[in-house]
Amino acid sequence: MFSFLKRSSLNSHLSNLKWLYAPTPSAIVFALQTSAAAFVGLYIAFWMQLDSPYWAAITVWVVSLATPEENDSKAHWLIVGTLIGAITGILIVAAFPQQPALFIILVGMWVSGCCFMSRFMSNFRVHAFRMAAITGALVALDSVSNPNSCFDVAFSRGSYVILGVFLQKLFSSICVGDRLHIRVEWLQKKLTENVNTTCLMFSNFFAGNNDNLNKNKSIFLNIYDLNQQSEFVDLAAESRSHLGAHGRMTLSIANGILIKIFCLENLLKTSPTHKQLGDLPNRLSAFFIELPKLIISHHNTSFLTNTFEKIQQHFYEKLEELGSTFIHPDKNNSAKEAEFYFTHCAIIYDILTEIELLFQHFNAHIRPNQSIYSKIYSYTNFYKAFYTWLRIFSAILIGGIIWEITAWENGSLFILFICILSCIIHLTDLPRPVSIGFFKGTCFAIFVTSLINFVFIPKFYTIDGLAYLLIICMVVAGLAVSKGVMRINTIAYSIFFFVLVQYNNQHIINETTYFNMALCVFMSAAFITLTTFLIFPFSDKNESYFACKKLIKNVQQLTWNVRQIPSTQEWIAAESCNLVYMLRHITKRPQEEQNQYFFGALASISIGIQLIKIRLCITDNKMLSKEFKRLFKDLCKAIRTRHPNQKKTHLLYYQLIDYIQQQESKKEYVHILASLCILKSQLKNYEDFIIITNRSRLFIE
């Protein structure tokens with residue numbers, strides 16, 4: 001038995017090290033190209049007799065990502081941020097060269113202000129503000145002891161960044177090859193997987209496999225990440241191909257379908273109606289499993305189109321039949337069942353319409369022949385940005401006070417590392433775990449560099465001897481990046497590895513300098529880790545509260561008479577960002593509470609979709625009477641209240657239903673009636689969502 005336990009433990013440890021002894025081909029290519037670029041940058045810096053050559057290697061690792069498009073985008077914004085930061089650093093030194101307090105306050109305002117603005121940017125535009133903050137702090141703090149050298153420091157730091165960016169771009173272009181083919185193939189594969197999953201979940205719904213639905217809640221996170229990555233296809237492809245835009249539209253529609261499937265599954269927990277559809281659910285389940293393959297293969301296109309049209313026509317006829325015979329749901333139980341069945345069919349018909357649109361954009365992505373624009377949405381929140389500003393500014397200010405009190409020789413370096421780590425850690429969605437991972441990577445960098453500085457480097461007196469040692473360390477770090485859970489640790493290791501080695505043309509680092517430098521690095525990493533717990537502490541509950549309040553606020557804004565009504569795809573794409581951010585911050589809560597938040601958030605998005613549809617119907621149909629518009633306005637007002645009254649909203653809903661029943665031609669109101677029924681079915685979850693959101697106040701942890 002003990003031998004079995006030892007064997008299983010050994011296998012577990014070996015599997016954790018698989019990235020090292022059995023790396024993937026892509027990991028090997030990435031590690032070799034990044035290590036080569038970093039070493040060439042280091043060699044050029046030695047050859048040019050630059051004062052701090054390790055910054056060139058650090059820049060290569062900062063820029064390094066998996067694809068050339070990501071490198072290009074990040075590098076572009078890094079250069080912009082470096083130029084802005086270098087100019088700002090010179091101005092800070094020129095403004096307060098002899099005023100330590102004002103100098104630190106200005107540095108803190110600059111760094112925290114850049115991080116505040118970056119919270120409203122998406123993808124690698126964030127790096128322009130991040131690099132502007134870091135470069136400004138670096139130039140100012142490196143020049144604080146000798147203000148006359150600030151221009152030279154700014155010029156050298158800018159040279160390092162441009163050199164590192166150029167080398168990484170050169171080596172990644174050589175190693176990766178045909179960008180367009182690789183990126184389009186990658187996005188096509190990911191889109192196909194998500195479309196298949198969407199159809200499979202719809203098939204599982206008809207088959208009654210609700211457990212599979214619950215297991216696939218993480219698909220919203222996958223779609224969000226893929227949506228962000230689609231931008232880089234646009235960078236690689238021709239300007240008129242619109243590949244990324246069609247991909248984003250496909251993902252937005254898939255998001256809408258999944259939201260409706262989950263809402264329908266939650267609705268049917270109270271009163272399943274599959275039996276009223278006869279054998280249709282079984283046939284639909286089989287059809288939607290095969291649908292993605294049929295679409296991609298393009299065989300039997302006419303059969304596929306006819307089958308899909310028949311299914312849609314069946315549900316539309318059901319809607320017309322039930323809509324024409326609708327009576328007041330309070331009169332008898334059969335009417336309530338009819339209302340429930342009508343809602344069921346309305347959601348399914350909605351999903352079928354979306355699936356048809358989904359495959360139109362999916363095919364357009366494969367063979368783009370239509371111009372289209374699709375905005376990239378990301379999560380933004382003023383409160384989150386404000387608290388990020390407070391945390392970073394407070395951390396730099398406290399670091400300045402420590403420097404002033406202790407008169408530490410490496411105090412300026414300590415504050416510089418605080419600025420750098422704040423820009424990296426506090427701009428992530430999960431600062432606490434990132435800070436802990438960063439601290440571990442820092443400790444490992446100190447351990448490795450202590451061996452290198454005291455054991456190996458004294459034996460090398462040329463750059464060639466050092467090269468073999470550094471290449472091994474860099475390749476191992478490159479392989480570790482491929483293991484997702486070690487990515488943060490590796491970033492910290494890669495940055496501080498070159499800082500602590502400090503091998504240059506004139507001399508090697510001595511023991512005293514190394515210990516002071518290592519202590520400074522260790523203290524800054526530990527200090528930043530503590531700030532995530534002590535200075536305006538980051539809380540998952542607070543972050544989920546922000547996301548929930550934003551979901552509710554956006555629904556309330558739709559109830560006003562807005563001049564510009566967003567499309568349903570735009571609404572879904574924007575609100576999915578809030579949904580994903582909320583999901584990432586409720587993982588530690590009880591499962592029942594997670595479900596309340598999840599279905600409440602889906603209900604808010606679904607209500608927004610139906611409000612948009614009804615508003616568009618009112619805008620397009622000029623024949624609707626003022627009475628109907630007044631009743632709908634009252635319903636919107638009831639939904640908009642801070643504490644919705646379920647009885648009042650239901651009363652207004654039934655008044656709208658009664659009004660529709662009094663009309664001679666009810667077929668014109670089928671779509672409005674369907675939207676009203678779907679909206680009413682989600683009100684209970686929406687009201688519960690508001691209640692549990694209001695219970696969780698700020699700073700409850």
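All residue numbers here begin at 1 and follow the chain in the order shown.
Placed from the backbone N, Cα and C atoms, the Cβ positions cover glycine too.
What TrEMBL annotates here:
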TRANSMEM  20-46  transmembrane segment
TRANSMEM  75-96  transmembrane segment
TRANSMEM  102-121  transmembrane segment
TRANSMEM  385-405  transmembrane segment
TRANSMEM  411-430  transmembrane segment
TRANSMEM  437-456  transmembrane segment
TRANSMEM  468-501  transmembrane segment
TRANSMEM  513-536  transmembrane segment
TRANSMEM  597-616  transmembrane segment
Problem set entry | Contact call for the transmembrane segment (385-405) against the transmembrane segment (468-501), three or more Cβ pairs under 8 Å | no
Exercise. In the same chain, who gets a Cβ under 8 Å from the transmembrane segment (411-430) while lying at least 6 residues past its ends?
Worked result: 104, 107, 111-112, 114-115, 118-119, 126, 130, 133-134, 137-138, 141-142, 144-145, 388, 391-392, 395-396, 399-400, 402-404, 438, 491, 495, 517, 520-521, 523-525, 527-528, 531-532, 543, 581, 584
Exercise. Is the transmembrane segment (20-46) in contact with the transmembrane segment (468-501), using three or more Cβ pairs under 8 angstroms as the rule and ignoring pairs under 6 apart in sequence?
Worked result: yes
For this session: Determine which residues of the chain contact the transmembrane segment (597-616) at the Cβ level, with the cut-off under 8 Å and only residues 6 or more beyond its ends counted.
Result: 217, 256, 259-260, 262-263, 266, 544, 548, 551-552, 554-555, 558-559, 562, 565-568, 571-572, 575-576, 578-579, 582-583, 586, 589, 632, 636, 639, 671-672, 675-676, 678-679, 682-683, 685-686, 688-690, 692-693
Exercise. Quick one: do the transmembrane segment (437-456) and the transmembrane segment (102-121) reach 3+ CB pairs under 8 Å, ignoring pairs fewer than 6 apart in sequence?
Worked result: no
Seminar exercise, completed: Lying 6 or more residues past either end of the transmembrane segment (75-96) yet within Cβ distance under 8 Å of it, the residues of that chain are 59, 62-63, 102-103, 106-107, 110, 124-140, 143-144, 147, 150-151, 153-155, 157-158, 161-162, 165, 168-169
For this session: Take the transmembrane segment (513-536) and find every residue of the same chain, 6 or more past its ends, with a Cβ under 8 Å from one of its Cβ atoms.
Result: 387, 390-391, 394-395, 398-399, 409-410, 413-414, 417-418, 421-422, 425-426, 431-432, 435-436, 438-439, 442-443, 445-446, 449-450, 453-454, 492, 496, 499-500, 502
